[in-house]
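First comes the structure, then the notes that go with it.
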Amino acid sequence: MAVLICTLFLFLFAAGEAVSTDPTLKTYIFRVDGESKPSIFPTHYHWYTSEFTESTSILHVYDTVFRGFSASVTSSQASALEKHPSVLAVFEDRRRQLHTTRSPQFVGLRNQRGLWSESDYGSDVIIGVFDTGIWPERRSFTDLNLGPVPKRWKGVCQTGVKFTARNCNRKIVGARFFAKGHEASGGFGGIGFGGTINDTVEFRSPRDADGHGTHTASTAAGRYVFKASMAGYASGIAKGVAPKARLAIYKVCWKSAGCFDSDILAAFDAAVNDGVDVISISIGGGDGISSPYYLDPIAIGAYGAVSRGVFVSSSAGNDGPNGMSVTNLAPWLTTVGAGTIDRNFPAEVILGDGRKLAGVSLYAGPSFSGKKYPLIYPGKSGILSASLCMENALDPNLVRGKIVICDRGSSPRVAKGLVVKKAGGVGMILSNGVSNGEGLVGDAHLIPACSVGSDEGDEIKAYAATGRATATINFQGTVIGIRPAPVVASFSGRGPNGMNPEILKPDLIAPGVNILAAWTDAVGPTGLDSDDRKMEFNILSGTSMSCPHVSGAAALLKSAHPDWSPAAIKSAIMTTASTVNKQLQPMTDESTGNATTPYDFGAGHLNLDLAMDPGLVYDLTNQDYVSFLCSIGYGAKTIQVITRSPAACPMRRKPVPENLNYPSIAALFSIGKKGVLRKTLIRRVKNVGDVNSVYNVKVEAPKGVSVAVRPGKLVFSDKVRELSYYVTVKMDGSSVMMGDSGAVFGSLSWVDGKHVVRSPIVVTQLDPM
């Protein structure tokens, strides 16, 4: 007892000393070794408030996916607490960003047959959506003809501003909100400096003031809604990927304010305790930098969820087409990039000399009806803010009564139109830069406006410079049957994996461009404060939209195969993904029109026609992930930060990261090595198809590389359900041409006459970070 009191005194004294030297409070997350709690304390909370910090400083206590707490303390206090023998890690709370009809059919779902039929449309599977909340009154969330709430559900319907217990039902089975991390941060967006939420722009409840959460929730699991459209665009029947799945809402993001790690981690803790089957998280770092797994609360929280059987789908980020822009890199996460669908919203810029240039738009107001207006490009002045149509950058004397060409970037696309409108312009042509290429997304502009690609933009600017240039815009509504489709969206986060190139990321792509889904009544479709239009549905683009497609897909597979692990579901989705478009040609890149690689699309595009019956799956256990963490050099204490349990890494034979039993295969060779290079990798597959099956290997070797597989035949029976095989990759390091991507690509497939179980192969010379 004397030792305990002494320890308490020393750490509280150190913390008290720190206050006087550094009065600025910040939020820190403390990972604690829960097993070291002295028995004198009845709970971990009592221990934390007695030995680490005052109860008023603690924001969240974590006890399911993570053991520890978050608290508002000074940096000196945090440094002092980091020295506590029971503290495994300390990291400062970080702000993260959201990664912001026909798509269910586009991924292979059809009424009354296939996966929708076999899974009963995802009935009784519970999807936890981590986002900005929900607008529960939307038709997409009706519980008509749904059965009772699954008995295993242990969650709550947390009430608050304009959200009562009646807003939950048999569809929205639970809802929570997490604001303590925001309030402690002291003043982002709708969060006031006084620590309270500004109720003029936000709801202190699960109600959605932003729209993003309502959109992602209905994309994953919206019910059938007839006569759905966004101001006449994309009209038809709206439905989510898993229409009968249940929704559990975890509001962790706040309007214009982002999402804080401490709140996200608390949501993971709650969701796993509540009993969700799938977690959908369209959130990631906004700075293009990925943290190590042990400092990444999304990776840590997701590991805790996956290790308990919960599938976690995450967005790949919107920083493409730059290489190494993919986020959410942990191998236990399913990381989803974005592709287009075969529906578009074309608009046409018609120049005064008769030329017609293609663009896209979701503008729904009065049109120009063919009338031409003077055309101007403010950027010809050489002033960057004018070329970008930034706030107060346009001269009304120059733009009044004209169609204004604005460059994309630095401010929201729709906000540029508002700037043009305020300056007296009558319309806008939004031009991509070189980085976005020809990749276009539709926007519900407040003035007549359309987006054009980089090449078209240059052509229009050149015409505008001739003097007395005129133009009009013709809005052409909704067009279905666009070819080619899918193509990889220009903004979709790309590989290679900047953390561990041995693990291919993204894992796959899914529809993420111009997706129609439910919307909030709190803001108009542009999200601008001045946009007071009310829309039941909105059309958005981003990997935020592709992520819930895979969340819904996982719900369908979980319903059809309740005994499948998260890794088995992920494997089924990846090994059946398509690498060709609907015209059976190789997928292309929206930004360039060139052919794409697994660095762009991972294993391919989501194809649920085949995922229900994949034949074989690559399964993974918690120990497999621990071995992977050992292989990348993490020590026992560091691994415990992620897994909660102490790990024993082998001392003699260090595991190899490429040997993680992943559905894709990457062979990494050091840049400095020349001559003939060889590497042998191992994989194991589990038969989930016909008991007596025989599979033969089919290899498409990367150019300049030889790939040998042994055995070349896998024979399964009622006694043999799992088999391993070896892949030997050999290349001449001095002669293989890696190309622009720095890698060469191929594939390995196991074929039995009915199934094709395909894994991409990536071979690269790259030194790990």
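Note that the numbers count up from 1, one per residue, in the order the chain is shown.
Each Cβ is built from the backbone N, Cα and C atoms, and glycine gets one as well.
Please treat TrEMBL annotations as automatic predictions, because they have not gone through curation.
Here is what TrEMBL says about this protein:
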type	residues	note
ACT_SITE	ASP131	active site, charge relay system
ACT_SITE	HIS212	active site, charge relay system
ACT_SITE	SER544	active site, charge relay system
DOMAIN	27-99	domain 'Inhibitor I9'
DOMAIN	122-594	domain 'Peptidase S8/S53'
DOMAIN	372-460	domain 'PA'
DOMAIN	659-763	domain 'Subtilisin-like protease fibronectin type-III'
SIGNAL	1-18	signal peptide
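Long-range C-beta contacts of ASP131 (active site, charge relay system), restricted to its own chain and to partners at least six residues apart, with a cutoff below 8 Å, comprise LEU98, ASP208, HIS212, GLY213, THR216, ALA217, ILE249, TYR250, LYS251, VAL252, CYS253, SER280, ILE281, SER282, ILE283. Within 10 Å of the Cβ of SER544 (active site, charge relay system) there are 30 other Cβ atoms, across all protein chains. The domain 'PA' (372-460) scores a mean pLDDT of 91 in the predicted structure. Taking all protein chains in view, 27 other C-beta atoms sit within 10 angstroms of the C-beta of HIS212 (active site, charge relay system). Residue counts for the domain 'Subtilisin-like protease fibronectin type-III' (659-763) by DSSP state, with H, G and I taken as helix and E and B as strand, are 1 helix, 63 strand, 41 coil. Note on the domain 'PA' (372-460): DSSP counts are 29 helix, 20 strand, 40 coil.
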